[in-house]
Amino acid sequence: LTRELSLYLESQVRVGLFGSGVGLSLVLGFGVAYACYYLSSIAKKPQLVASNDRFCRFLEEYCPVVTETYYPTIWCWEGRVQTLLRPFITSRPQVQYRNELIKTADGGQISLDWFDNNDSLYYPDASTRPTVLLLPGLTGTSKESYILHMIHQSETLGYRCVVFNNRGIAGEDLLTPRTYCAANTEDLEAVIHHVHSLHPSAPFMAAGVSMGGMLLLNYLGKTGRDTPLMAAAIFSAGWNVFESVESLEKPLNWLLFNYYLTTCLQSSISRHRQMLEKLFDMDLVMKARTVREFDKQFTSVMFGYPTIDDYYEDASPCRKLKSVGIPVLCLNSVDDVFSPGHAIPVETAKQNANVALVLTSCGGHIGFLEGIWPRKCTYMDRVFKQFVQAIFEHGNKFFSM
């Protein structure tokens, strides 16, 4: 009797849920509904903002990824999720660096990590091998996964890379009580001059990520056409620092990102405490609980700004975009909490023929994950590879247009 009852119940469950198709229909219905939502609202072509028709045609022909539909990873397309997961999901290609320490005019030192690519088949002559200068984010170094992927992409194309590590964060000692900020371009200028002087005949461009992109934009806005760089690529830059910190201070964003980023900043300077205590109340700096508090007590003071607002105004690349004098491609996601979509200077970009913005609906901050299991190449990596290759190998067609 027990066995018969068991078989009866089992048959009723099977018929009720799947035999009748109810359970299967629910699963299929949800799947179809989710797929429709994803294809209609999530997977979209990026918005390409450029006033220069020549620039647009050049990108469409040689960097077509910026006109193709971006399909974010279907199970983690939301901006915060992409931002949080990318460092853990993406692989870390092996890169063998050659380190160089260069001196600065104020007695400090900067650590450069070179990937010489001496095995380059396409450019065996080191003197003319194209060179890409890479600028990591706020507390990033040459070890960041997104930097390693950019180098891997460059390696396949035969290019040389050099990573500009900001003062004091790549293991080298601080020789003076000074670190870095998004507004002061002196160290970047020294690095660009140094790299160019070593390889004056090599085509030369730069790519900056997050704060590295902000620094690069501020440099380009300052120098205009007077730079050895042919072009630049900018990824997930914070365009308006006031809007960025306000976004990061919203409760959920503070919990997920702001507090952690603040502790990273504090950790990056704690090793140099003895040197920095000559000028700063380090106990007060270490009590900061937001990036704004850290900048108020440390960064703005270090670089001589009367107030933190003065620093944030000077650090915001949106105020210098009109002065950029070389071709620049900027990739942002409008759901990036570090650089809110409403703060992206679309109208200003339209006023400079050298600037092109590529705006995706999803991607987060340095996320841009794609594919079912986004372990390797991201959308950002593909934009980087195609644009760098377009400039180095077809740039003469653009510059002669």
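Backbone N, Cα and C atoms are what each Cβ position is placed from, and that goes for glycine too.
According to TrEMBL, the active site, charge relay system annotation covers S210 (among others). There are 26 other CB atoms within 10 A of the CB of S210 (active site, charge relay system), with all protein chains counted.
For D336 (active site, charge relay system), applying a Cβ distance below 8 Å and a minimum sequence separation of six or more within one chain yields G79, T83, S236, G363, G364, H365. What TrEMBL records for D336 (among others) is active site, charge relay system.
What TrEMBL records for H365 (among others) is active site, charge relay system.
Look at TrEMBL and you will find 130-371 tagged as domain 'AB hydrolase-1'.
Look at TrEMBL and you will find 15-39 tagged as transmembrane segment.
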Point to revise | Other CB atoms within 10 A, centred on H365 (active site, charge relay system) | key: 25
**Study point:** pLDDT averaged over the residues of the domain 'AB hydrolase-1' (130-371)
**Key:** 97
